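According to TrEMBL, the feature transmembrane segment maps to 25-47, 59-79, 91-110, 122-142, 163-180, 186-207, 233-258, 264-287, 299-321, 333-357, 369-390, 396-414. Look at TrEMBL and you will find 25-418 tagged as domain 'Major facilitator superfamily (MFS) profile'.
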């Protein structure tokens, strides 16, 4: 069988794994991210119940939720570098197991109940540990998907994998408020722990290193040190961080905002979270398909940045009008917030595909870890920004501040005309392959 070498990446040969095995790998990556997202996105859906159960103020809630983002931001790059060295199978299995253990510990040690309310530092520490453990999942699953798919369909595959975040968030938004309101936080944490452990069992059976991963050279100018000296890549990951601000702001506070400002109850806020997450899931898959066909990832990202700025600015103005008594339609605030969340979330798979292509095959884990460091750095900082503005201002000012931060992404994202440079280091296109499982 003939196998072509292209820019240092050996096309995956037809080993004993059938071509369809790549879809099992994608399913594992999807399930891992969905299980983790059910926790980190489902908990904000139960924000009102968290304030009641843990006796938190809005500011304390923001700090507790942002601790998850801090843990992920601190651990993503180290996890990514270790993944490039040890392989995605080992790290994904370790990460799922650790995440399951942390959630089990939260159920046993940090759940309010008849024994009383856990201390606030214990809750914050538990959230941070959850982020530190879960920070392994994004980079390792992304590296696995990039290894088993070719550039002809990597955008779609990565977008499907990234769709796990809103899908998992929607599952968490549906289940967690209902479980917590009836049974408390302990059973909710146990369910999340079981989801991670079940995914680890499937990963043990199905997830294996792509043939290209074991065949690619391990040194040369494409090493990790040169990646961290790439100025264009640094601009890109800073832009990713800025573009995450509106998504995180809405994800963390849409339930509290609609409850406090628009007067929605648990049903209305849960419906908003589910609509936001399901809409994001559909939009991410569509974005991956469209950019795979058009080869316009960078132009698409800049378009998403513009739409996010417009959406958040509209939400800020509508909130101000509502506070002034000039807007008396709560459903309009609900619709603007959900639409803004979908727009602010649909670009992730496209961005991380472009980032991995820029990095090259030997540095995918490191590059994805770096990108997620900035993404979850925004996850940590954004709730702090919003709560700080709320303490001295209003929701209108909070959404206005988020709009300004989002606008920074337009200055940071590389221009679309430079997109061709992203392939010079080397992830090959499907048309260059013979006998590849992709395409």
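Any Cβ shown, glycine's included, is placed from N, Cα and C.
TrEMBL labels come from automatic prediction, so no person has curated them.
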Outside the transmembrane segment (91-110), six or more residues from its ends: residues with CB under 8 Å to it: 28-29, 32, 35-36, 39, 79, 82-83, 118, 122-123, 126, 129-130, 133-137, 139-141, 144, 185-187, 189-190, 192-194, 196-197, 199-200, 203-204, 207, 365
Contact call for the transmembrane segment (122-142) and the transmembrane segment (25-47): at least 3 Cβ pairs under 8 Å, seq gap 6+: yes
Which of 233-258, 299-321, 369-390 contacts the transmembrane segment (59-79) most, counting Cβ pairs under 8 Å: 369-390
Which of 186-207, 233-258, 264-287, 299-321, 369-390 contacts the transmembrane segment (333-357) most, counting Cβ pairs under 8 Å: 264-287
Within the predicted model, mean pLDDT of the domain 'Major facilitator superfamily (MFS) profile' (25-418): 88
Tertiary contacts of the transmembrane segment (396-414) (same chain, 6+ residues out, Cβ under 8 Å): 232, 235-236, 238-240, 242-243, 245-246, 249, 253, 298, 301-302, 305-306, 308-309, 312-313, 315-317, 319-320, 323, 344, 382, 385-386, 389-390
Stretch contact, the transmembrane segment (186-207) with the transmembrane segment (25-47), Cβ-Cβ under 8 Å, 3+ pairs: yes
